[in-house]
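> Not my notes, these are from TrEMBL:
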COILED    231-304  coiled coil
COMPBIAS  110-121  compositional bias 'Basic and acidic residues'
COMPBIAS  122-145  compositional bias 'Polar residues'
DOMAIN    1-109  domain 'WH1'
REGION    110-157  region 'Disordered'
Amino acid sequence: MGQPIFTTRAHVFQIDPTTKKNWVPASKQAVTVSYFYDSTRNSYRIISVDGSKVIINSTITPNMTFTKTSQKFGQWADSRANTVFGLGFASEQQLAKFAEKFQEVKEAAKLARDKSQEKMETSSNNSQESGRETPSSTQASSINGTDDEKISHGGPETAALMSENDKLKTTVEQSAERWEVSVQRDGKVSVQRDGQYQAERWKVSAGCREMEGISAERWKIAEVESQCEKANVEKERNSKLTVRVQELETELQDKNRKQAEIIPQLMAECESITEKLQAAEVKNKDLEDRMEGLQVDIEDSQSRQGNMKGELKKFMDVLDGKIDELHEFRQGLSKLGLDN
């Protein structure tokens with residue numbers, strides 16, 4: 001793959017395949033996102049790896065568009081991967097640089113595609129055999145997609161089929177080349193030999209087309225099996241979700257049942273406490289009334305006691321006066337007795 005053309009760091013997201021609306025985080029933290037040029041396939045890619053897991057392997061095509069949806073977030077759709085990738089950057093400058101590099105790589109991918117088409121047209125004009133094989137190859141490519149797409153969808157089985165197909169095509173092409181070289185060495189071939197040569201080339205061409213057809217069917221089968229496997233995984237996931245929903249519904253029903261049992265008890269206890277509180281309030285009111293009556297009685301008693309103290313003081317004063325008078329009278333009697 002070589003060295004990256006451009007590297008940055010961002011949080012990676014993918015669109016939810018079910019809702020097609022919500023974003024699902026593909027990385028737990030900011031990871032390295034890089035542009036690469038694949039010289040073997042003459043293509044440009046965006047690749048990001050989180051630990052040992054490849055979370056982005058997107059081949060850039062001329063019809064792709066990178067869209068800035070906010071100040072620090074951008075996205076692009078990859079029809080081959082059947083998803084939408086989203087990147088969250090730490091700053092607007094990083095987002096702007098990534099978008100600028102995306103446009104540059106997109107233009108480079110367009111130029112690479114145009115050059116590839118020109119080379120194919122030139123090869124088709126120079127060789128009749130190449131002219132017959134090119135449509136077949138183009139058709140196989142249009143049916144099966146790129147090698148990267150096959151590998152990413154098919155997994156190890158698809159890679160094995162691809163390797164087997166390449167070996168078969170190489171063997172057939174080498175056989176055709178050896179036959180053509182042997183014919184060219186013998187400049188005085190007979191008409192029968194020339195007919196055999198044409199028949200052999202026709203067989204080789206037919207064999208190539210047949211193998212490409214078989215390969216296409218194998219790719220289709222592998223893709224269908226991959227889709228079935230994904231469907232089974234999704235079905236199993238839905239089954240687990242259904243079981244979980246049923247468990248949650250059962251728990252909710254149990255909680256509702258317990259609440260239905262507890263609420264009447266709580267209401268009865270609340271009513272009992274309310275009645276006791278009301279009785280206590282009535283009793284408290286009676287006690288307050290009695291306290292007020294006692295307070296009035298105490299005040300009256302204190303008032304009467306004060307009056308009695310005043311009268312007693314007056315009586316004591318009068319008594320003291322009488323005692324003084326008696327004392328004086330006694331003294332007077334004593335004097336009279338002494339005089340007599």
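Note that Cβ sites are derived from N, Cα and C of the backbone, with glycine treated the same way.
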> Taking helix as H, G and I and strand as E and B in DSSP, count the residues of the domain 'WH1' (1-109) in helix, strand and coil.
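Its residues divide into 18 helix, 51 strand, 40 coil.
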> Take every residue in the domain 'WH1' (1-109), average their pLDDT values, and give the whole-number result.
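The answer is 92, the mean pLDDT of the model over that range.
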